[in-house]
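Annotated features, as they stand in Swiss-Prot:
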| type | residues | note |
| --- | --- | --- |
| TOPO_DOM | 1-70 | topological domain 'Extracellular' |
| TOPO_DOM | 92-98 | topological domain 'Cytoplasmic' |
| TOPO_DOM | 120-148 | topological domain 'Extracellular' |
| TOPO_DOM | 170-188 | topological domain 'Cytoplasmic' |
| TOPO_DOM | 210-213 | topological domain 'Extracellular' |
| TOPO_DOM | 235-254 | topological domain 'Cytoplasmic' |
| TOPO_DOM | 276-297 | topological domain 'Extracellular' |
| TOPO_DOM | 368-393 | topological domain 'Cytoplasmic' |
| TOPO_DOM | 415-423 | topological domain 'Extracellular' |
| TOPO_DOM | 445-459 | topological domain 'Cytoplasmic' |
| TOPO_DOM | 481-494 | topological domain 'Extracellular' |
| TOPO_DOM | 516-546 | topological domain 'Cytoplasmic' |
| TRANSMEM | 71-91 | transmembrane segment |
| TRANSMEM | 149-169 | transmembrane segment |
| TRANSMEM | 189-209 | transmembrane segment |
| TRANSMEM | 214-234 | transmembrane segment |
| TRANSMEM | 255-275 | transmembrane segment |
| TRANSMEM | 298-318 | transmembrane segment |
| TRANSMEM | 320-340 | transmembrane segment |
| TRANSMEM | 347-367 | transmembrane segment |
| TRANSMEM | 394-414 | transmembrane segment |
| TRANSMEM | 424-444 | transmembrane segment |
| TRANSMEM | 460-480 | transmembrane segment |
| TRANSMEM | 495-515 | transmembrane segment |
Amino acid sequence: MEPLLFNSGKANPSQDVFIDVEVGDITTKYGSTNTGSFSSMDTVEAQAIKAETARFMEVPQGRHLGVFSTVVLFVSRIMGSGIFAVPSVILLNTGGNKLIYFAIWVFSAAIAFAGLYLFLEFGSWIPKSGGRKNFLERSFERPRLLISVVFSCYSVLTGYALTGSIVFGKYVLSAFGVTDDSWSKYVSISFIIFAVLIHGVSVRHGVFIQNALGGLKLIMIVLMCFAGLYTLFFYKSTGQVAWDLPVTQVEKDSLLSVSSIATAFISSFFCFSGWDTVHTVTSEIKNPVKTLKVSGPLSLIICFVCYTMMNVAYLKVLTYEEIVSAGPLVGSVLFTKLFGPRVGGKFIAFSIAISAASNILVVIYSISRVNQEIFKEGYLPFSIHMSKNWPFDAPLPSISLCGFITIAWILILPKEGESFNYLVSMDGYGNQFFLLLVAIGLFIWRFKHKNEVPEIRASTFGVLAIITLSLYMLMAPFFADPSLNRVGFLPPYQIMSLLVIVACFFFWLVKFVLLPKFFHYKLLPKITYLHDGLIVTEWVKKPCLC
């Protein structure tokens with residue numbers, strides 16, 4: 001068999017890679033040879049080739065994200081809707097106990113830093129777009145393709161910008177004084193369509209608008225910090241607020257339990273969840289290892305300071321009952337009480353809507369890149385079409401899928417106010433499951449490469465803390481009253497997350513194990529060059545006596 005030649009697009013011919021594996025036919029339609037990554041293959045040799053070629057392969061979009069753009073991506077993803085909506089459910093699940101409330105926020109920040117350095121170390125080993133998808137499939141290579149297919153399917157099915165969209169719709173209506181909450185869904189859907197078109201038509205213009213909204217968000221962060229300082233030193237409440245209660249007091253008839261603390265942590269950790277987002281677009285970052293080493297910790301520090309100031313403001317201005325009853329609109333209630341209905345209720349609500357809009361743009365941008373990497377692997381139907389940078393040299397198909405799934409969830413969700421909390425918990429539970437696997441995978445990777453030193457190294461204690469905490473977070477919801485973890489006709493959030501993961505497992509089992517075994521064929525990867533230089537994989541059937 002003739003070896004296959006992959007040209008790296010470099011002037012040095014020594015960087016050409018010859019692949020001596022059976023992969024099927026290669027298309028002869030070549031475009032730019034600054035190619036993206038290609039999939040996991042059928043042999044150990046192909047995996048080695050993949051690791052070798054990943055060093056110099058580039059995406060067609062090029063490296064255009066510097067430190068500022070990366071900080072904007074981090075901050076915009078982290079600070080979306082969470083701090084304006086989640087404090088209500090956290091205070092409720094901690095029983096109004098301020099000591100536990102602030103301890104959860106501090107602990108969440110510490111785990112976020114540990115998780116950030118976990119990803120920074122993995123990212124220094126594997127500096128390419130895909131994030132945890134790449135980390136998992138390089139760590140868990142057996143059973144063949146299991147982790148790749150399961151995580152890929154799960155990521156596509158849960159690839160939505162939902163929580164930010166819900167908050168955006170609610171706060172836009174609040175800013176314009178609309179009391180009919182049924183319109184919030186249509187506002188959310190309209191902006192999702194706008195975001196899909198912006199990123200799907202032009203990468204450059206999409207990033208420009210994203211950076212502009214991110215800049216406004218940074219200004220908002222400064223204003224929020226000043227609001228926290230103002231309430232701490234100058235604001236005088238007219239009655240007893242949550243801040244005035246004893247620090248260890250638990251409210252009567254509270255829901256405080258092991259399970260409720262786990263739910264509170266999931267909600268709090270959700271507010272920091274964007275620390276792993278930028279690794280999904282590593283191939284578009286200039287000098288990714290050094291850039292992420294600076295922008296990652298800086299972004300988390302900025303967000304933690306802002307969160308602390310905002311939490312002080314909530315407790316200094318509002319009562320326990322006001323915070324809990326406000327739900328996702330707790331941010332609007334705070335600023336209305338601070339600055340009056342005209343400034344606080346309108347202007348601040350509009351500002352929060354801008355923050356949520358920035359978050360939506362970043363989430364859709366990041367998810368579309370993950371989806372594109374997944375479709376390039378060829379596991380799912382229509383992968384060739386969904387992975388294309390078409391028709392405007394931007395991944396419109398994968399962006400559109402993210403928008404479609406988000407809109408579908410918005411339409412399906414019940415109207416109850418608990419829908420937001422349910423989504424946060426469901427999304428957080430699934431992410432916690434895969435974060436556990438990534439943390440375990442780092443130790444596997446270190447063992448395989450024990451003679452090599454990464455450019456960035458995560459704390460072993462921090463990684464062990466993530467593993468321990470993740471196990472606790474995954475088990476705790478099963479010890480609670482199931483009715484507390486569900487909404488409408490949907491099952492408890494942890495069951496919903498696990499059902500999606502199990503469905504992804506059965507997809508792998510049927511397509512890559514059972515059907516080939518029963519019908520006597522094996523699946524081999526056929527590598528295809530797209531017109532823009534992307535390398536994608538198709539899985540073709542080859543008869544065998546297996």
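Cβ coordinates are placed from backbone N, Cα and C, and glycine is handled just like the others.
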*Going through 298-318, 320-340, 424-444 one by one, which has the most CB pairs that fall under 8 Å from the transmembrane segment (71-91)?*
320-340
*Are there residues at least 6 beyond the ends of the topological domain 'Extracellular' (210-213) whose Cβ is under 8 Å from a Cβ of it, and what are they?*
68-69, 72-73, 76, 354, 357-358, 361-362, 365
_Candidate ranges 149-169, 255-275, 298-318, 347-367 - greatest C-beta contact count to the transmembrane segment (189-209) (under 8 angstroms)_ = 347-367
*Rank 149-169, 347-367, 424-444, 460-480, 495-515 by Cβ pairs under 8 Å to the transmembrane segment (394-414) and hand me the top one.*
149-169
*asked:* From the DSSP assignment alone, can you count helix, strand and coil residues within the topological domain 'Cytoplasmic' (516-546)?
replied: 3 helix, 18 strand, 10 coil
*Residue numbers, six or more beyond the limits of the transmembrane segment (149-169), whose CB comes under 8 Å of its CB atoms*: 80-82, 84-85, 132-133, 136-137, 183-189, 191-192, 195, 270, 328, 352-353, 356-357, 359-360, 363-364, 367, 370-371, 374, 377, 379-380, 401-402, 405-406, 409-410, 419-420, 423-424, 427, 430, 434, 500-501, 503-505, 507-508, 511-512
*Sort out for me which stretch, of 255-275, 347-367, 424-444, 460-480, 495-515, has the most Cβ pairs below 8 angstroms to the transmembrane segment (298-318).*
255-275
*Report, as numbers and ranges, every residue of the chain located at least six residues beyond the transmembrane segment (320-340) whose Cβ falls under 8 Å of a Cβ in that stretch; write 'none' if there are none.*
81, 83-85, 87-89, 91-92, 96, 166-167, 170-171, 174, 227, 230-231, 235, 242, 245, 251, 313-314, 347-349, 352, 417, 420
*Restricting to the same chain and to residues at least six past its boundaries, which positions have a Cβ under 8 Å from a Cβ of the transmembrane segment (424-444)?*
82, 86, 89, 115, 118-119, 121-122, 132, 135-136, 138-140, 147, 151, 154, 158, 162-163, 263, 266-267, 269-270, 273, 276, 458, 463, 466-467, 470-471, 473-474, 477, 485, 493-494, 496-497, 500-501
*In the same chain, which residue numbers or ranges, 6 or more beyond the ends of the transmembrane segment (347-367), come under 8 angstroms Cβ to Cβ?*
72-73, 76-77, 79-81, 84, 159-161, 164-165, 167-168, 171-172, 174-175, 191-192, 195-196, 198-199, 206-207, 209-210, 213-214, 216-217, 220, 223, 274, 277-278, 280-281, 331-332, 335-336, 339, 399, 402-403
*Using DSSP, how many residues in the topological domain 'Extracellular' (276-297) fall into helix, strand and coil?*
18 helix, 1 strand, 3 coil
